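These notes are about the structure you will find just below.
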Amino acid sequence: MQTNFLSQQFNAGSLAENSTACPANATICDGTSCILPEDNFNQTLSVVLSTVLTIMLALVMFSMGCNVELKNFLGHMKRPWGIFVGFLCQFGIMPLTAFLLSLAFNILPIQAVVVMIMGCCPGGTASNVIAYWVDGDMDLSISMTTCSTLLAMGMMPLCLFIYTKMWTDADAIVLPYDSIGLSLVALVIPVSFGIFVNNKWPSKAKIILKVGSIVGAVLIVLIAVVGGILYKGSWVITPKLWIIGTIFPAAGYTLGFLLARLAGLSWHRCRTVSLETGMQNTQLCSTIVQLSFTPEQLELMFTFPLIYSIFQLLFALLILGGYRLYRRHRVKTKTDVEKTAQKEDSKSSAKINGGFVSDEVK
């Protein structure tokens, strides 16, 4: 059994009373340092979270597929301007932003590498759920997620090779192509079934979509809370990573929206591109760093993907809340304008026809 050498210092008084003061589960103890069995909690939690996330991915993407029109989806593939803009955001803006943030905050090389890995990851599936709630273009959202996951096979190694040369050898970073492929399969198959259901039974597809969108939103928040609270890793990391983890997703959302708008996309597609840019596949990032670095190195930066995940979700909820308030205000204002126009028309008609104006119109 592998063991962790954890040095535990005891005060002089305790050693005087009991020179063998050690934790009960210590296997070897010389009075000042102990050998403890390896704590497998984090590994177990990681497996549980990965399983839940995979199930969530399949269910949510099936329900999201129920909102996709095959004709519109194929239209994005034939005229991929929106997908191309998303590609520039995903593998152009995000890696460059990660690089600039790492330089600006002058973090350790090993920490800069994990920030770069996060910036090079494809979009996460949570963006599809949020895009639905902000009335985004679901056909574009799902096509962007699918294409970014597929293109990540080649773009991630290229971006990491370009940007991480000053900190580490790109060969030292292990890319889990099997995990990327699994994410792609778990995305394409459920969406395909969802599109089929929407084409075959439109009324049932609407019910599945509503239920799936609510369940997906709840599960996204639940996974973020479980990963943030129950994970027993070292949260005492440099404040610089906390700051970067806050700025990075906000920059992704903002820059993605601006680039989409400059590219001439409609407002609902701008919202879609923004969410697809800022919401990264943090689970994939965690897998990569676990495969690439030693336990000692992981202590310095393993929690960064969790930090990013928390803040990307927080900002996404703020965007959702802001949009809902805007839409409610806009609908209310539009209704008031229509009522005012109707009153004025009624008054004009009454004046022209010589009739009287009722109290309701006044």
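Here the Cβ of each residue, glycine as well, is placed from N, Cα and C on the backbone.
TrEMBL lists 337-348 with the feature compositional bias 'Basic and acidic residues'. The region 'Disordered' annotation in TrEMBL covers 337-362. According to TrEMBL, the transmembrane segment annotation covers 45-63, 83-105, 112-134, 140-163, 175-195, 207-229, 241-263, 306-326.
Three or more CB pairs closer than 8 A are found between the transmembrane segment (140-163) and the transmembrane segment (83-105), so contact between the two stretches is assigned (pairs 6 or more residues apart). Among the recorded stretches 83-105, 175-195, 241-263, the one sharing the largest number of Cβ pairs closer than 8 Å with the transmembrane segment (112-134) is 83-105. Listed as Cβ neighbours of the transmembrane segment (175-195) (distance under 8 Å, sequence separation of 6 or more from its ends, same chain) are residues 54, 57-59, 61-68, 70, 73, 122, 125, 142, 145-146, 149-150, 152-153, 156-157, 205, 208, 281, 284, 287-288, 291. Beyond the ends of the transmembrane segment (83-105), by six or more residues, the same chain brings 76-77, 111-112, 115-116, 118-120, 122-123, 140, 143-144, 147-148, 151, 155, 159, 162-163, 240, 243-244, 247-248, 251-252, 255-256, 259-260, 263, 265, 273, 276-277, 280 to within a C-beta distance below 8 angstroms of the stretch.
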